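Pasting a structure below so you can have a look.
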There are 2 protein chains.
Amino acid sequence: MATQRILDFIATRRPDGPCMVLDLDVVRENYRAFEKALPDSRIFYAVKANPAPEVLKLLADMGSSFDTASVAEIEMALDAGATPSRISFGNTIKKERDIARAYQLGIRLFAVDCEAEVEKVARSAPGSRVFCRVLTDGEGAEWPLSRKFGCVPSMAVGVLRHAYSLGLDAYGVSFHVGSQQTDLSAWDRALGDAEMVFKTLADEGIVLKMVNMGGGFPTRYLKDVPQAEAYGQAIFGYLRKHFGNTLPETIIEPGRGMVGNAGVVKTEVVLISKKSEDDDKRWIYLDIGKFGGLAETMDEAIRYKIVTPRDGDELAPCVLAGPTCDSADVLYEKTPYPLPLSLTIGDEILIEGTGAYTTTYSAVAFNGFEPLRSYVI
Amino acid sequence: MATQRILDFIATRRPDGPCMVLDLDVVRENYRAFEKALPDSRIFYAVKANPAPEVLKLLADMGSSFDTASVAEIEMALDAGATPSRISFGNTIKKERDIARAYQLGIRLFAVDCEAEVEKVARSAPGSRVFCRVLTDGEGAEWPLSRKFGCVPSMAVGVLRHAYSLGLDAYGVSFHVGSQQTDLSAWDRALGDAEMVFKTLADEGIVLKMVNMGGGFPTRYLKDVPQAEAYGQAIFGYLRKHFGNTLPETIIEPGRGMVGNAGVVKTEVVLISKKSEDDDKRWIYLDIGKFGGLAETMDEAIRYKIVTPRDGDELAPCVLAGPTCDSADVLYEKTPYPLPLSLTIGDEILIEGTGAYTTTYSAVAFNGFEPLRSYVI
């Protein structure tokens, strides 16, 4: 949603070219909503969603911890004021020299999903805590995850056993139910898997302590989704169901859920055309596309809400595309987007819910276009 | 192909992290091959393929002209020493203020594909030459183009007529047969369409002069493709077939064909793992992926040739993935890539044919990873 502050900023500052404007007040509200919804979970903000220093500083001041994907993100979280104990190196794919660098910086919590990664951590970050990522099926997610991260639960038992045998602190398991997950039962299944790993290892005397429930908390796009509170209650219920009275420590890693709805992309209609005299839909070209920050429109997975100055006028379906000379730079074509027939070249339009996974996805210089500018207000 | 100069550079300089190394000698050879193959065509290098200043300088010195997608690319071509008469603004999607800026910089050749764009050019670059892009079917291309650019031939007639009526120089037509086009008859069909537009307008007294045959000239990936000479001969034949003895001026716009095989990405194996004890393939994670410059592996469209230090050892299929925490950052999964079973974490591997559409596609800071470094030697 474009807040009044965002609308005022765009109206007053008149930034030239496409940009993303993010309202910190919304991030603050989101953080408080997560705290309220899951009061017993530690919040590790997924820095990759939006690493703007202002966002990290706000969240660090509010007490957030940070889930990081690289040494650069660890350094950003430290710069924002987080202590090393509030930072996890959550990428399961790490160069051993990056693990060593993170260890030097004080990081003691690492994600793994196979024995080879455990061995790197044991060598270069001895004694650290590790949690093993478990594969989930991703059913119900708008942006389902591939099998890239994690291993099956039975293998996770072996990975954590190996960590224990190498002197690491076999600390827990993690999962991720998929981005924009709207089916709450996905957490039920994943927590059931986690409990199996806990129980199997406990029988061997290895006591896990933590369940990292990842992200997947949806931001509002076009559809109405259950609020953070509903998620919290349901997840708490599943924790009780699987772990009874000995609840593990829990971590959540919201990224999109923390910043997605706080940001709005301002873009401009560059061209409106048809491909033939009898074409039944218009092509509308914007000054931002797949390579300018909207990479998540890949396969039309995410359908952002678009606000135009002509809303209320008669609608007709459009193919929406970006400004580059790349023919793959098309946002919505399989499912054309209904936009006002009165829309005109030069109109400024807003793409809502774009606070996450936009600025950093942007190509560095494709077609000579500069990366997406970002204003944090 | 990794040339000896590239291999020596990597061995001597030992660049840390993923990088793309490009050998200018190969670019020089490619330019000469295009000159030789199509001696009567002007070569407009598609700057977007690789805008490295050294590449632009070399090509400007050799007499190349430049196809540009943005004002920034126009400025790069000018900086490299090209005169404005050797630069076309080849993007059909242009802000009117960018057309005005290009006109100020001396540019007088613009691509269009609809009447609205013609009107922008007529207002902001009066009297300039315009060429209208015609849609082709893209059949036979490895990376077929969408319908994003161009209009049907019958509509192109109207677009150029409109340009003429607004005082522009209705200069010609352009087409693009799709990237990595290996079916020569694609040029036959496109030139037939072009001739129809020429003839229809000639009957009204509007004499077009130029056919811009775009790019699509393949670089060598895994498959053997006809050489530039074969392409040239075939295209010349089709020109004669359709235009007889009054051949138009012709332009070609090689991008990938000029620089693709001149570059090699050096990357490192970060992790090798399986998802379960009985997984039938390994997952191999590199320090470069879809967001680090290999965006063209999207939908596994382009299959780069990979060279490892263990070539010759027994092969087995692998899923190949990038280093980010993004689950879409997988290069080859639907068709697993056969790689040596002996491959080891830390091994340096080369991804060949990556001189085009890599460095500028790279995300600006996704997951905290820096954009792909580039060394032009």
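All residue numbers here begin at 1 and follow the chain in the order shown.
Note that Cβ sites are derived from N, Cα and C of the backbone, with glycine treated the same way.
Just lifted these from TrEMBL, have a look:
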{"type": "DOMAIN", "residues": "B:26-259", "note": "domain 'Orn/DAP/Arg decarboxylase 2 N-terminal'"}
{"type": "MOD_RES", "residues": "B:Lys48", "note": "N6-(pyridoxal phosphate)lysine"}
{"type": "ACT_SITE", "residues": "B:Cys325", "note": "active site, proton donor"}
Around the Cβ of the residue listed as 'N6-(pyridoxal phosphate)lysine', how many other Cβ atoms lie within 10 Å? Please give the count over every shown protein chain.
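Taking every protein chain into account, the count is 26.
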Between B:Lys48 (N6-(pyridoxal phosphate)lysine) and the residue listed as 'active site, proton donor', what is the CA-CA distance rounded to a whole number of Å?
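B:Lys48 (N6-(pyridoxal phosphate)lysine) and the residue listed as 'active site, proton donor' have their Cα atoms 28 Å apart.
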Under DSSP, is the residue listed as 'active site, proton donor' part of a helix or a strand, or is it coil?
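Coil, per DSSP.
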Can you give the mean pLDDT for the domain 'Orn/DAP/Arg decarboxylase 2 N-terminal' (B:26-259), rounded to a whole number?
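A mean pLDDT of 91 is what the predicted model shows over the domain 'Orn/DAP/Arg decarboxylase 2 N-terminal' (B:26-259).
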Give me the non-local Cβ neighbours of B:Cys325 (active site, proton donor): same chain, 6+ apart in sequence, Cβ-Cβ under 8 Å, ordered along the sequence.
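B:Asn367 - these are the non-local Cβ neighbours of B:Cys325 (active site, proton donor), listed in sequence order.
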